[in-house]
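Here is what TrEMBL says about this protein:
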- 277-339: domain 'J' (DOMAIN)
- 6-25: transmembrane segment (TRANSMEM)
- 32-50: transmembrane segment (TRANSMEM)
- 78-98: transmembrane segment (TRANSMEM)
- 105-125: transmembrane segment (TRANSMEM)
- 145-164: transmembrane segment (TRANSMEM)
- 185-212: transmembrane segment (TRANSMEM)
- 218-238: transmembrane segment (TRANSMEM)
Amino acid sequence: MAKGLLVTYALWAVGGPAGLHHLYLGRDSHALLWMLTLGGGGVGWLWEFWKLPSFVAQANRTQGQRQSSGGRTPPPSLIRFVAQMMVGIYFGLVALISLSFMANFYIVGLPLAVGLGVLLVAAVGNQTSDFKNTLGAAFLTSPIFYGRPIAILPISLAASITAQKHRRYKASVGSESLSVRLYRLGLAYLAFTGPLAYSIFCNTAATLSYVAETLGSFLSWFSFFPLVGRLTESVLLLPYRIWRLLVGDPGFSSGYFQEWEKLYEFVSSFQDEKRQLAYQVLNLSEGATDEEIHGRYRELVKIWHPDHNRHRTEEAQRHFLEIQAAYEVLSQPRKLRGS
């Protein structure tokens, strides 16, 4: 049955951030992406206003016409590549908050989450990518910065490059009933939100700490690039700004930035507590020099490396990860903040 442009616009206006218009057009991957990101933080939802006619035209083509690619490779897309990177990082941050308690998380859980985020964007529209190669690149990159949140960046970059390299058009498949599609989308949505909801409702205090730690680590990545850091903060605030404008409260620019400042101060105070604990882990006094921190780190790593403690592997691995985490915290430069 042919898809209508007016119906698509109506669904976009009513349930666009939840992906209803994409579900109507049979773009299930795009619908799931919007469900998990609330329309790309609102930005992607608004940007789609101009793209809906092409989406409807693509949906109304027969599958044979749409998929007769003749072995051609889809043209490269910078927007898709950036989106893969961002969604991969987003999936990785959510995994850090909800699944970092798992054993071998940085080897299994983190690359799997980031790789699936990249593959989800790669499958938007009439394109897809190679599942095994993309996940393989994510897993092979996971030992870089092992045990550190910054590991999300190289994993997402490697997976995105691999997904772009192996991009292809989707193969022709038969039509499926709406119930089957909703069932598949529901399972995927629960797999993403279930662990996060459990952490929030059953382990609230620890989840708040994870969120503060993750947000603090994320913002500290840009310590050496103040301009990029300010741009990142603006991007994080953009969905909130759009929401305040849509509900008709243009006076958010003064009071609501104070709310953000409170959150930023909370993260900073949490980072200060982390630094104190890091000094204790490395058995150093506060204010130790970079040379002292690096020397103590190398000394403790040699003592507690799992390969040197095979008779007590679990204890050694725990101490080894604590030492790495402490060294990462103390290696981050303090951001000078104005009064």
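Just so you know, glycine gets a Cβ as well, placed from its N, Cα and C.
TrEMBL entries are annotated by machine, without manual review.
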Sequence-distant contacts of the transmembrane segment (6-25), meaning Cβ under 8 Å and at least 6 residues beyond its ends, amount to 31-35, 38-39, 42, 45, 48-49, 52, 55-56, 58-59, 181, 185
Mean pLDDT across the domain 'J' (277-339) comes out at 79
The DSSP breakdown of the domain 'J' (277-339) into helix, strand and coil residues is 45 helix, 0 strand, 18 coil
